[in-house]
Amino acid sequence: QIRKIIGQIRPDRQVLMWSATWPKEVRALAEDFLIDYIQLNIGSLTLAANHNILQIVEVCQEHEKEYKLRRLLQEIGSEKENKTIIFVETKRKVDEITRCIRRDGWPALSIHGDKNQVERDHVLQEFRSGRSPILVATDVAARGLDVEDVKFVINFDYPSSSEDYIHRIGRTGRSEQTGTAYAFFTPHNAKHATELVNVLTEANQSINPKLAEMATMAKYGLPKSFGAGGGARINRRGRGGEIRGRGGESRGSSRGRGVDRGRPGNRWDVPSNRGGGGSSYNGFNNGTSRGFQQANFNFNQPPPPPPSHPYPGAGY
């Protein structure tokens, strides 16, 4: 859109550009349209969030997010000031989440690109007045939204970039007020872990150990294999979440090639020699030894007899 507008303006123009952030995409745009320009910066050019916002990141599995949202809304609902924006990635998901919340009795409304202007105006009026203090929205629909008394922002779906994350949480903590921002962060979002850790560090926020582990694995290209629950129980009284959950810990007494189920949401990927007592790569020895056992081999031993029937698929 900017390129189309610039293309319709005479070349001897004066151009002024403003941006809340300064990512490489915006820098490239400025280089294309500005000649011999002067740049003024307010604050840092690096990704930086409002320091008046308490940021809490909950590392979890995708299927746990709806349950965690319900628990979180119960806590927020007890607050005197509880105006909340919930950010969701797609329009369809916005409608689904809104229906679920309303079924639970919460006065929620939604806004996204398929709403016409009359519907948008009605939703925003209800939200601003506090009659519907929960707004479920996509990024595009909420862009430019300025409501002074938003106390909570919930990133149900983590955005596709850290710039969008900072824009989202900036809906709270305006005009020197304080606010709280939550983010549900799944292994699917691991590629953003390092940037998110940097944003939290710059804002002097506590960092969930599971998020730090995810950032380390992403940095060194290690496999993204994480237990359930994120190891952090949401606690709005402290920064970063209080570590209370037992994460992927599980119990089991049988031995052999048991699959490590652990608690709900745990990994199902690696067989365990403890019958559900945690993942282990030594799970193929009937629980009687450590690691894979090397068998002695003699080149002089007779070959095995031929099979009595063809192998499956023979002749195809």
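Each residue, glycine too, has its Cβ placed from N, Cα and C.
Features as listed in TrEMBL:
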type     : residues : note
DOMAIN   : 68-215   : domain 'Helicase C-terminal'
REGION   : 226-316  : region 'Disordered'
COMPBIAS : 239-249  : compositional bias 'Basic and acidic residues'
COMPBIAS : 281-300  : compositional bias 'Low complexity'
COMPBIAS : 301-310  : compositional bias 'Pro residues'
Within the predicted model, mean pLDDT of the domain 'Helicase C-terminal' (68-215): 93
For the domain 'Helicase C-terminal' (68-215), the number of residues DSSP places in helix, strand and coil: 71 helix, 23 strand, 54 coil
